[in-house]
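What TrEMBL lists as ATP binding site is Met183, Leu184, His208, Phe209, Arg265, Gly287, Gln296. What TrEMBL records for 60-165 is domain 'THUMP'.
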Amino acid sequence: MHYSEIMVRYGELSTKGKNRKDFIKQLGKNVRAVLHPFPNLEVKAQRDRLHVSLNDEDDEAVINALKGVFGIENFYPSIQVDKNMDAIKQTALQMVREQYREGATFKINTRRQDKHFDYNTNQINNILGDYVLTNVDGISVDVKHPDIAIRVEVRMNGAFLSSEKIQGAGGLPVGTGGRATMMLSGGIDSPVATYQAMKRGVKIDMIHFYSPPYTSEQALNKAKQLTSVLAKYSGNIQFIQVPFTEVQETIKEKVPEGYLMTIQRRMMLRIAAAITKNRHCTGVFTGEALGQVASQTLESMMAINDVTTMPVLRPLVSMDKTEIIKIAKNIGTYDLSILPFEDCCTIFTPPAPKTHPNLEKSRKFEGYIDVDGLMQRAMDGIKITDIKPGDEFMNQNEDVFAELL
Ligand code: ATP
Ligand code: MG
């Protein structure tokens with residue numbers, strides 16, 4: 001069955017009162033952006049719902065693209081027919097037949113926008129219901145919990161029928177929640193945290209620290225590849241890579257071993273907060289979850305968070321690893337995340353990092369290094385890449401990749 005349009009229902013945004021217009025406008029923009037590869041279709045974002053006229057574009061591909069767009073509650077692929085009862089009857093019957101399994105129940109649910117149409121909603125429900133009952137053996141009506149639900153909408157420009165409701169991604173349209181940075185490692189957690197931030201409408205810029213020659217080109221490409229996967233949910237993402245070698249080497253040389261990790265993290269966050277401010281973003285997201293590793297105790301978070309007043313947001317803070325992994329698999333980042341290229345944080349990790357670092361000592365030991373100079377040089381070495389959904393960065397590692405997957 002080839003669909004002629006998709007009727008999209010808004011999620012939470014319908015409750016947002018005066019911001020509603022902005023939300024609808026942003027969602028329209030985001031939907032147009034993901035549907036960019038389909039030049040013939042038309043997107044109309046209206047007050048109550050959004051309509052995508054397919055105009056012969058590949059309906060399945062469009063449906064898949066829409067599933068990733070935040071701000072969509074659900075959507076109904078629909079078939080448009082002329083506004084005459086015969087055409088409507090035929091299409092309704094065809095839809096029921098396609099889904100019919102022995103003993104199934106059905107329901108017709110009609111809405112009428114065109115008040116001049118010859119029949120009212122009750123009459124339409126009855127006519128179509130009778131027609132299906134006479135033509136499909138063994139079927140019966142169940143208005144409460146039907147196996148097959150046919151929606152009929154009589155609008156000014158035609159009658160639209162649908163039988164399938166597809167769950168959307170929920171959340172809020174990306175761009176309505178402001179702009180923030182994300183500290184992206186190559187691990188499992190930070191890509192999931194990125195997804196959660198985007199889901200609340202936040203436009204994300206990625207910050208990734210790398211330490212050549214201790215970290216490989218593959219580790220950097222892996223972070224970029226993860227960004228390319230996440231860009232499917234938000235449109236293009238700016239990927240900011242920050243050289244961290246000098247900072248780490250200096251810390252390793254000057255700071256007592258128990259505080260290596262804490263001071264490294266403080267420097268990371270300082271630099272991330274400075275980049276965030278320069279870019280007029282208003283928060284830093286991380287993939288930290290309480291209790292996962294040494295740096296993720298409350299004391300540790302306090303000792304690290306001390307370097308900035310910028311909001312540090314941790315969408316995964318109270319989630320279990322199993323819950324995080326489940327999301328990572330769903331959003332398509334898990335297989336990349338488990339590729340074993342070393343992150344800059346793991347290479348200088350002491351055998352016994354302090355799980356309960358002391359704030360005063362952290363400040364004192366940080367005084368042993370030239371914080372401002374190191375920060376400045378790291379920021380001077382920044383490179384920015386604009387990453388589009390589907391961009392490929394792992395090609396040169398094809399062999400490694402094939403072996404590992
Ligand atoms: P992840 O799975 O996200 O790597 P993790 O459980 O391995 O998290 P850590 O490695 O301690 O935990 O990192 C905690 C957080 O610090 C990460 O979620 C990420 O936000 C940030 N982070 C770690 N390494 C980097 C890096 N190289 N560049 C940018 N941010 C990083
Ligand atoms: Mg990690």
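Numbers here mean position along the shown chain, with the first residue as 1.
Each Cβ is built from the backbone N, Cα and C atoms, and glycine gets one as well.
Bear in mind that TrEMBL entries carry predicted annotations, made automatically and left uncurated.
Taken in sequence order, the binding-site residues Phe209, Arg265, Gly287 that lie near ligand 1, meaning a CB under 6 Å from one of its atoms, are Phe209, Gly287. Sequence-distant contacts of Gln296 (ATP binding site), defined as residues of its own chain at least six apart whose C-beta falls under 8 angstroms from its C-beta, comprise Glu288, Ala289, Leu290.
Mapped onto DSSP classes, the domain 'THUMP' (60-165) shows 38 helix, 33 strand, 35 coil.
Around the Cβ of Phe209 (ATP binding site), the same chain contributes Met183, Gln241, Val242, Pro243, Phe244, Met268, Ile271, Cys344, each under 8 angstroms and 6 or more positions distant in sequence.
Here the binding residues for ATP are Met183, Leu184, His208, Phe209, Arg265, Gly287, Gln296. Their largest Cα to Cα distance works out to 19 Å.
In the structure as shown, the Cβ atom of Leu184 (ATP binding site) sits within 10 Å of 29 other Cβ atoms.
DSSP gives Phe209 (ATP binding site) a strand state. In this structure, Gln296 (ATP binding site) is part of a helix by DSSP. Across the domain 'THUMP' (60-165), mean pLDDT in this model comes to 95. With a cut-off of 8 Å between CB atoms and residues at least 6 apart in sequence, the same chain places Met183, Leu184, Ser185, Gly187, Ile188, Asp189, Ser190, Pro191, Val192, Ala193, Thr194, Arg314, Leu316 near Gly287 (ATP binding site), listed in sequence order.
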